[in-house]
Amino acid sequence: MTSDGAAPTTPNEDELALREPLVGGATAIESGYDSDVDVPADASASVPEARREEEPTTPATPPRRVNFRGFTARTQSLYLGTERTLSTQTTDSGAPEDAVESLDFADVDSHWARRARGRGVFSKVSAKWIVAAFIGVGVGTIAFLIDVSVLYAYRGRGKLFEVCRRRVHLALAMFAYGGVGVALAAIAGALTTYVAPRAKGAGVHYVMAMLNGIYIPKAFDASTLWVKAVATIAAVSSGLMIGPEGPLVHVGAAIAMQFTHGASSGMADLFQSDLDRSDFISAGAAAGIAAAFGAPIGGVLFSLEEASTFWRESTTRRALFSASIATFVLALARAVFLEGSAASEHTQMKNPGLLRVGDFDSTYFLIELPFYAALAGTCGVISGIVTKSIIFVSTNYTPQRNERRLAQVVLVSLACVVMFFGVAAAGKCVTETPGEVSRWSEASIRLWCAEGEYADLGSILLGNKNDVIAWVLGSPAKAHTLHALLLSFATTLISLIMAANLFVPAGLFMPTILWGSLLGRAAAIVVEHSLSPLGDLRVNPHAYALVGATAALAGTFRATISVVIIVLEGVGKSAFLFPLLIAVAGANLASRLFGASLYEEQLVRSKIPFLHAKPPKALLDDSITAFDVCARDVVAFKAIEKVSAIEEALAQTTHNGFPILSAKGKRVIGVILRKQLLVLLSRRAFVENLVHAPVLNSSAMEEGHDDDSSSIIARLGLTDVERERRCDLGVFMALSPASIAADARARDAYVLFTRLSLRHLCVVDAATGAIRGIITRHDLFDAAESVDRSLHHSVSSSSILL
């Protein structure tokens, strides 16, 4: 007997096809394609029985026309954001341990989407520019708040030091200065550890993952945003060898997410698709870099070159718009609030970025080019060693318990303070010149020196790092001795490695620029001494400092064009382009000897299945086919499917994509997502009442990354009568899904998957078009990691929800 009490009928051709395995090997449940949890051992290993009974043969296309304009959203959206409903355990590095969900970057092409797409096009385009402007204003405002807060924090610590030194004793002054720094680091560590663990580090690799098509839960929600901003202020003000530039990229992406995710009404309803969100996140990342360096074009290029995997022409325009507004807002806020320009005066717009280089002498000689190349190669080698050291510390010395993480922050901060004061004691007191007193007053620190003097090493290690970098890049040739430069260079490297893995927001742009410029200044002294026999050849130390800083950035982060443009925009000297190109090329070549870049190492460390644009070496073997890497025995539906069959498939699997097969045979005519099926069931969008179902004019069909786990099926409350009804999946399925022949090369499948930013790639028989399997992100990532695996072996089940 069937579930409705009728006598069983003879299965037709389609149902017999659905009963038998499509491909030998693991069953559909066991293959685990597109899944995130282990299926219970007693779960059915075949296509749900409810799907096996005979259904009326209904043409899959075209679907029945529905008056979409008549629908009203009478129920609240089922999807309110993963961060509210999805419980995800994390590893000690903050990466998801058992669930990482892929995004739907492919443009939705269904009958439902086609009929809804024509309405509100103009308002949506206008809203995109408005949101892009808001992103720029938000990033510029937060960048200014970080800048002014750090500035006054350092000034306050300096005044406290002077008061304690004059009224009590030097030892108490050092204790007070260091104690305030440790307390600020503890505040940053407590916020990050207990409130928003995703705020740890720079967060750029989270942005890269998001723009690669991977949703990281809680990485861009509101709590992470405010903790990132507040904890960045505290961490940078503490004196740790970290900076705010990297976190600003994460902040920009998080601001973009607030405008496009989690809202049930308002402007955010227009941008519920992952494709729209990716555009805004790219713009937010560009605005973050632009605000950090005062380089709008460089910010766009960084977002394109480093952060974004997929890029559209419209993204370029909006990213540049957001980046320009961010730098404008930051410069305006500085002019009004820091430099005292009144609204009635001619407001002088300058210093558009957090990092201020100042005047720069771009003079160089042809004979110096080989020295620039040698300096670049040296910086590349050091960058590779630093990257490996950071990953080694992260792998072996990252606490797993929250209290130990906070204790590590306090202990490392205390150790850095002691080390800085200890190294500063090995320096000397330098007499300030009248010009230096006014120009570098924020960078120079007196410490134990007499009136009118400053401590050379103490100023570099204990001062505000933004001012210190400007000082190193722009100070006179005789301002620093070789002894001071080398000691501060070594101390900077050690403290950078110590602080990079703490549970605080930690950007590495600024300390990387600092050690590169210090090494460059030291190299200038060595080169000048080496060339002295040739006559009176004036070596420009500013040029060497800038080449060293650029090479350090290129070697650590492996960016090329964006780094050159960022530096050029910062110094405003296009005549220095060729030395910068030498710096980037030399550092990149040297650092590649040590492996991947810092961001790529962090992606691997965080267990994020990141897919690069080029196929990995494991898939370059032409004998590996698409069928070799796909997941098999696909769970599929028909265009008109019984509710009980859908419910059973959702309950017994965690697949996120289900092919829709033709009424005759196994040919794929569409793909429908799990979240769409859940919306259809929750809104009771059955064939019998489709016109009245409150689903089709809401954004629920495009929202995702929510509680679409199997446990939600039990909360749908379907009655026995409703289970006997049917859903018209043909209206909502993605038409013309991407597919590839089973005997095509795996490398071609990889290229097709990445360039089209797919979530599911159907593997079909070249002759009949029958479904043979499905390729997801995990299948490609697993194949890339398994060079020596056997051919014709289905990919093992994954714990990654894709």
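Glycine is treated like the rest: Cβ placed from N, Cα and C.
Quick look at what TrEMBL annotates:
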type: DOMAIN; residues: 733-795; note: domain 'CBS'
type: REGION; residues: 1-66; note: region 'Disordered'
type: TRANSMEM; residues: 129-154; note: transmembrane segment
type: TRANSMEM; residues: 175-196; note: transmembrane segment
type: TRANSMEM; residues: 280-304; note: transmembrane segment
type: TRANSMEM; residues: 316-337; note: transmembrane segment
type: TRANSMEM; residues: 371-394; note: transmembrane segment
type: TRANSMEM; residues: 406-426; note: transmembrane segment
type: TRANSMEM; residues: 482-504; note: transmembrane segment
type: TRANSMEM; residues: 513-531; note: transmembrane segment
type: TRANSMEM; residues: 543-568; note: transmembrane segment
type: TRANSMEM; residues: 575-599; note: transmembrane segment
Folded-back contacts onto the transmembrane segment (280-304), same chain, C-beta under 8 angstroms, at least six residues removed: 128, 131-132, 135-136, 139-140, 143, 204, 207, 210-211, 220, 244-245, 248-257, 259-260, 271, 311, 315-316, 318-327, 330-331, 351-356, 509, 559, 561-563, 565-570
For the domain 'CBS' (733-795), the number of residues DSSP places in helix, strand and coil: 19 helix, 16 strand, 28 coil
The transmembrane segment (543-568) and the transmembrane segment (371-394) contact flag, 3+ Cβ pairs under 8 angstroms: yes
Folded-back contacts onto the transmembrane segment (513-531), same chain, C-beta under 8 angstroms, at least six residues removed: 241, 355, 367-368, 371, 375, 378-379, 382, 460, 465, 468-469, 472-473, 477, 480, 482, 485-486, 488-489, 492-493, 496, 537, 539-541, 543-553
Long-range neighbours of the transmembrane segment (575-599), counting only residues six or more past its ends (CB under 8 A): 204-205, 208, 306, 362, 364, 369, 372-373, 375-381, 383-385, 387-388, 390, 508, 543, 546-548, 550-552, 554-558, 560, 563-564, 567-568
Long-range environment of the transmembrane segment (406-426) - Cβ separation under 8 angstroms, sequence gap at least 6: 174, 177-178, 181-182, 185-186, 188-190, 193, 238-241, 399, 447, 455, 457-458, 461-462, 487-488, 491, 494-495, 498-499, 502-504
